[in-house]
Amino acid sequence: MALSLKMIIRPHKLSSSNQLRFLQILSRMLSKGLTISESLDTLSFYAEYKHIADRIKHDLKNGLHLDESLEKVHFHDSIVTHLYVVRNNGNLENRIKQSVHLYQNRINYQKRFQQVIRYPLILIITFTIILYFVYNQVLPSFQFLFVSDLSPAIQLTFFVLQWFSYFILIVIILILLLFIFWSVYKKRISTDLKIKFLSRIPILSSYYRKQTSFHFATQLSSLLQTGMSFNTLLSYMANQDKLPIVIYYSKQMHLQLARGKSLESLFTSFVFIEKQLKAIMSNRVDANTLAKDLHVFAELSIEDLYHQLNKVITYIQPIFFIIVGAFIIFIYISVLSPMFDIMNSI
C-alpha cells in the first residue's frame, strides 16, 4: 500500500537516453537467463532506475503486461507499441532488443537533427533581430532624408522591404495557430480525415507511408508467428491505442473481410501502405512464409526511411544558409542603393 501511494504521489519520467539505457540493461539481464522479475530487481540497484523498476515490478505482479506498465511510467510510444505484440508471441528478449535498436536510431537522428539545425536557428534569430532594426530604424531614416531624391524603383524597394516584415509576422502567427489547432483538435479529428489531410502534403505523406507500412508489417509478422487466424490478429491490432492509422486500417480490413471482400481490393484503397507491402499481402502463401516476407520488408522499409531522413538532414543546413544569405545580400543592397543613387546623380 505504501509503495502504491508513493508511486501515485511521485510520478517520475525518464529522459530519452535513460529510457534507452533502462531497456539496454533489461535486455542484457534477460540474455543472461534472468527472469523479468530478477532483471527488474537488478535494475532497482541503480538509483536513477529504482523507482521505475519497482513500479514496473509492482504492475506486473498485479497482472499488467509489460507494455501497459511502461506506458504508465511514460516510456515513449514507439517502445510501448513495439512491445504490445509480446503479449501473445512471448518472445520478450528479442522484442526488447528490437525496441532498443529502433529507439537508439530514433535518438541518434534526433540528436543529429538538433546539431544540424542549431546553428541555422541561431543565425535566423540574429538575422530577424537585425531585420527588425533595419525595418524600423534604418529604412525610415533613409525615406525621411532622401525620399525626394529617390527613384521610383528604390521607393518600391523600400515599400516591399517594409511590408515584408508584416509578411514574416503573419507567417509566424499562422504557423503558431496551426500548431495550436493541431495540438488541441488532433484527437477529435477522425483518422479518415487525418489520412486525407496528411496524404496531400508531399514530405509528410512519404514519411507516414513508410512509417505506417513498417509498423503494420512488423506487428503482422510477429502476430502471424503466434498461430492466430487472420481475423483474430486484425482484431488484436485494432485494439491498440498508439498507432491511429494502423488501428484504422486494421478495423477496415477486419470489417471488410467479415463482409467477404478480398485483401487485394482492400489494400488498393490504403494510401499509407507501400506498393511492395500490398504485393506481399496479395500473394497467397502460408502464414510462416508471409511472416518471413513481412519481416524482411519491415527491415528494408525502416532502412529506407532512415536513408531518406539522412538526405533531408544533409540538405537542411545548405538551404537555410542560402535563404539567409540571399536576404542579407538583398538588405545590404537595398540599404546602400540610395547612397549609390545619390552619388551617381552628383
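Note that Cβ sites are derived from N, Cα and C of the backbone, with glycine treated the same way.
What TrEMBL says about this protein:
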type     : residues : note
DOMAIN   : 22-140   : domain 'Type II secretion system protein GspF'
TRANSMEM : 116-135  : transmembrane segment
TRANSMEM : 163-185  : transmembrane segment
DOMAIN   : 216-338  : domain 'Type II secretion system protein GspF'
TRANSMEM : 319-340  : transmembrane segment
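Helix, strand and coil residue tallies for the domain 'Type II secretion system protein GspF' (216-338), in that order: 98 helix, 0 strand, 25 coil [DSSP]. Computed over the domain 'Type II secretion system protein GspF' (216-338), the whole-number mean pLDDT of the model equals 83.
Note on the domain 'Type II secretion system protein GspF' (22-140): DSSP counts are 101 helix, 0 strand, 18 coil.
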